[in-house]
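According to TrEMBL, the record shows the following:
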type     : residues : note
TRANSMEM : 12-34    : transmembrane segment
TRANSMEM : 46-65    : transmembrane segment
TRANSMEM : 77-97    : transmembrane segment
TRANSMEM : 103-121  : transmembrane segment
TRANSMEM : 142-161  : transmembrane segment
TRANSMEM : 167-187  : transmembrane segment
TRANSMEM : 208-230  : transmembrane segment
TRANSMEM : 250-268  : transmembrane segment
TRANSMEM : 280-297  : transmembrane segment
TRANSMEM : 303-319  : transmembrane segment
TRANSMEM : 339-361  : transmembrane segment
TRANSMEM : 367-389  : transmembrane segment
Amino acid sequence: MEGAMSLKRNIKLIKAHTVCSNMLFMLPVIVPYYNSIGLTFRDFLIGEAVFSASVLLCEVPSGWISDVWRRKTTLMIGALLFVGGCCGLMLANGFWAATFMQVIFGVSIALGSGTNTALLYDSLADAGREEEYRRIDGNRHGAGIYGTAVACMAGALLFAVDPKLPLLFDAVIMIIAMIIVACIDEPHRHKKSVERHMFHDMWMTMKYALSGHPEITGIIILSTVIFATTKLMLWAQQPFYMMIGVPVEWFGFILTAAYIIGGIAAQFGHCLEKRFGNRTALGFTAGTLVASCFLLVMLPPLWIAMPLFLTGTLTYAICSPRINNAINSRVGSERRATVLSTANLMVHFLFIPSSVLVGYLSEHGGIQLSLAWMGGQLLVLSALGLWLWSRQTIRSRVPA
């Protein structure tokens, strides 16, 4: 009875932490904020590339830390760094200061990457209820997206009062997230074999994920391309809407609507779990994103552009829990957070050169050229990923 109550409490607290950590008030107005301190969209994308490079360098080590240290400690350190990044960005007045804060944000995100999902899965595993992970994680993920939706609406309104207010609210909400994490009961580990040597274990885990286990390899390859594209589409929205004459004040409302729909999709996405396999669902998603990118090149009006950009939000909402579940169900708890971090690492590895190129193309050829390149890259790489996944699945005789 006590164990059941502890699990129920943990699920609620992990869900609350997800909501708080996803309430990014600066999200809908980050490009206008950069403009307010004298920086351009290209400067912002360079900062995003630096952010991704920081995550890339810290991703697997942070997963290793999460597997060896208490997961609560890892999450709290990450939240504290995020608060510091918000305060630093409020004081930044130029390119180098703003870019350095992106390094701080990158380390913070890396520490939380894979740790919260591993914490949830281990809590369920303690109670022998692993089969409920997909549904519960979908609800958690959906709640986080709802939190983002609320923050987007408020962030745009706060920005109109003072451009620094969204960052202040981001710092406060992350302090609340730290308090929530402190109240979580740390679940037991079923195995603990990753303490031999940090770099040895990281290397063995990456070999495990990317070569020794073909279905995990396929999931990582395809998810890398899809999620890198959804992130590029997220940042491309603001200059696109500026180009077609949408007022900046509307950005918060547009993103709020997108994230509410995405939250609903994440919350009920598990209902389609038995109808479509992982490869089929991700392949269909990739095709939809390719079509959206090419249609956006034609600069459609707002009422058409919004649903096309919405495909990126829906992709993130539906596919993220599915990918997490596919990895969690195939990897032991002793290296689960590390493998999840490896998957996220690959997304940043692709995003770094892509974001720099998108910024260059946007500055010299317009946002249409950037969208065309995004669609072409996704088409080629997702086709390659699906082909490899299909061949590996046949060889290993593992269902997709």
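Heads up, the Cβ atoms here are built off N, Cα and C, so glycines get one too.
Caution: TrEMBL annotation is automatic and unverified by curators.
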Under 8 Å, at least 3 Cβ pairs, sequence separation 6 or more: does that hold for the transmembrane segment (303-319) versus the transmembrane segment (77-97)?
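No, since the transmembrane segment (303-319) and the transmembrane segment (77-97) share fewer than 3 Cβ pairs closer than 8 Å, they do not count as touching.
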State the non-local partners of the transmembrane segment (280-297) in its own chain: residues 6+ outside its ends, Cβ under 8 Å from one of its Cβ atoms.
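Distant contacts of the transmembrane segment (280-297): 219, 222-223, 225-226, 229-230, 233, 240, 272, 304-305, 308-309, 311-312, 315, 318-319, 322-323, 368, 371-372, 374-375, 378-379, 382, 386, 400.
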Any chance the transmembrane segment (77-97) and the transmembrane segment (339-361) are in contact, meaning at least three CB pairs closer than 8 A with a sequence separation of 6+?
no
Residue list, the transmembrane segment (250-268) vs rest of chain: Cβ under 8 Å, 6 or more residues beyond ends.
27-29, 32, 138-139, 141-146, 148-150, 152-157, 237-238, 241, 306, 309-310, 313-314, 316-318, 320-321
Where else in the chain does the transmembrane segment (167-187) make close Cβ contacts, counting only residues six or more beyond its ends and a cut-off under 8 Å?
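Same-chain contacts beyond the flanks: 6, 9-10, 13-14, 16-17, 20-21, 23-26, 33, 70-72, 75-76, 79-80, 82-83, 86-87, 89-90, 119, 122-123, 125-126, 151, 154-155, 158.
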Let me spell it out: take the transmembrane segment (12-34), skip the flanking residues so only those 6+ beyond its ends count, and list any with a Cβ under 8 Å from a Cβ in it.
40-41, 43-44, 47, 75, 79, 98, 112, 116, 119-120, 123, 139-141, 143-148, 150-152, 154-156, 158-159, 163, 165-167, 169-170, 173-174, 176-177, 180-181, 183-184, 235, 238-239, 248, 251-252, 254-255
